[in-house]
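As recorded in TrEMBL:
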BINDING   B:THR117, B:ASP171, B:ASP199, B:ALA200  S-adenosyl-L-methionine binding site
Amino acid sequence: MATLLRQALRPHRLPASPRPPADVPHRAGSHGVGLLYPDHIPTSLLQKALLAAGSAGMALYNPYRHDMVAVLGETTGHRTLKALRDQMRRDPEGAQILQERPRISLSTLDLGKLQSLPEGSFGREYLRFLDVNRVSPDTRAPTRFVDDEELAYVIQRYREVHDMLHTVLGMPTNILGEIVVKWFEAVQTGLPMCILGALFGPVRLSARSLQVLVSELIPWAVQNGRRAPCVLNLYYEQRWEQPLKALQEELGITPPPVDLKGLV
Amino acid sequence: MAAPSSCLLWNYCGRGWSPAMLFCRLPGLRSSWPGGPLGARLLSHEKQSTETHFGFETVSEEEKGGKVYHVFESVAKKYDVMNDMMSLGIHRVWKDLLLRKMHPFPGTQLLDVAGGTGDIAFRFLNYIQAQHQRKQKRQLRAQQTLSWEEIAKKYHSEEDSLGGSHVMVCDINKEMLKVGKQKARAQGYKAGLAWVLGDAEELPFGDDKFDVYSIAFGIRNVTHIDLALQEAHRVLKPGGRFLCLEFSQVNNPLVSRLYDLYSFQVIPVMGEVIAGDWKSYQYLVESIRRFPPQEEFKEMIEDAGFQKVTYESLTSGIVAIHSGFKL
């Protein structure tokens, strides 16, 4: 029992590395020793449990704490991320993504080129989405608490693809739009954080929005989520020129039943 | 060896830089110059950056100051909330006990170093005020035959309720001072309070100025604790008292294990959830482990020239109050 407890308290590390003497508190230095990727913070099972509970509570209490939603995703998603990663490996485009590890940020996007693309193309619509909603791809927090570096990339990719999903689904970044996208992602990825977000997000909605959400938006999101292939398998960076409508057809995504900009 | 006074020698010694250190020291710094090891460094004539600890990491001395500054800059706004959460409010009791030990009286000149958010300073002012009020009550009760006019005059008197007491809050970090000033404004503390930006290793005050020097939960973050102690000795008046409230070593093995568990498993998580900052709170719990235990710290205080050095452990040794006198 005592050894089990001690194991739960040690930060997770690679199995081959030698362990320090028991009960000596350990922290990997910032010089990269013991870290699997630059922002990695090794955590024990107990710490992950506490983080999951704390971040869930804080995210509900203060919905502006996006970092808490991210932490919740990282601490609860281990098994699901593995399944997602395996799914990506089986798909040719997904496998390419895993190998090349593209990142979406202002420094990697060629905004000038996106601007020059024809109207209706995916790249142009994505840029319009960023402008209209005044968001930037750089606000995504880096992964910290995932103890496997490939899975850390998978969750990072999932976060960076989130804005693409907004564009493809035609959802704005207000709270209703976010919940709809969360439902879509919950069905698509099965991440516990998405499921929890989808179930508990609507708690703060007005009655009217809630009604629209439940009667039309959720069924639409769930249907599309089931029909579409795994969205993480799309190499979005290679599809900027593809017309948005063609992309939506490829994924089997229908236009939204309600215009959300009037609501909320 | 003679006390050197040129800036160049500071360069050779590779000491951590802080803005205060950029001007040359005056010749009268006999007590601030540590002996032996520095002598060897001077002779070798090369800039050596000695290493020190930053939590469980090893960093150069120059780096440490900046890193600590960064930590407190980012925790300043949530500092008080986090203190309450992490210690479950017990830190208030510890600070009250420090004041009780200090037992200041009207006219005391206090220097509170690393006192950024003002907890000790406000308690000091409250203590003096409470004393003053008790004294007034006693006086009134004793004088039973006063006329109404005289009694009314007593209540209206503009007599300085602090009796000349003054607290100088000194901190190296601007953000912490900012938070402290905001608190003072919000809680209505004005008289007898001053805020100064300064480095504990090189205080911007003359010799023999203060009656009491206090440092609560600050000295473990100082890069050169011995220098801070020497500065404390310098600025105190003869007869002045040095008081330090700091995390120390737990003396009970069971409590120690629970404390370690709580420190390393819960506190960084709390920091992440409440303040969005894991690393600062990881540094906090590690820096506590790096601080010398009670006896060793007592010896360091004695080395700086203090006498009658004693310590009192609180809460099984989680914190300790060290006290010394400049005689």
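Positions of Cβ are set from backbone N, Cα and C atoms, glycine also.
Per the record's binding annotation for S-adenosyl-L-methionine, residues B:THR117, B:ASP171, B:ASP199, B:ALA200 show a top Cα-Cα distance of 16 Å.
The number of other CB atoms found within 10 A of the CB of B:ALA200 (S-adenosyl-L-methionine binding site), across every protein chain shown, is 26. If you count neighbouring Cβ atoms within 10 Å for each of the binding-site residues B:ASP171, B:ASP199, the highest count belongs to B:ASP171. DSSP gives B:THR117 (S-adenosyl-L-methionine binding site) a coil state; it is part of no helix or strand.
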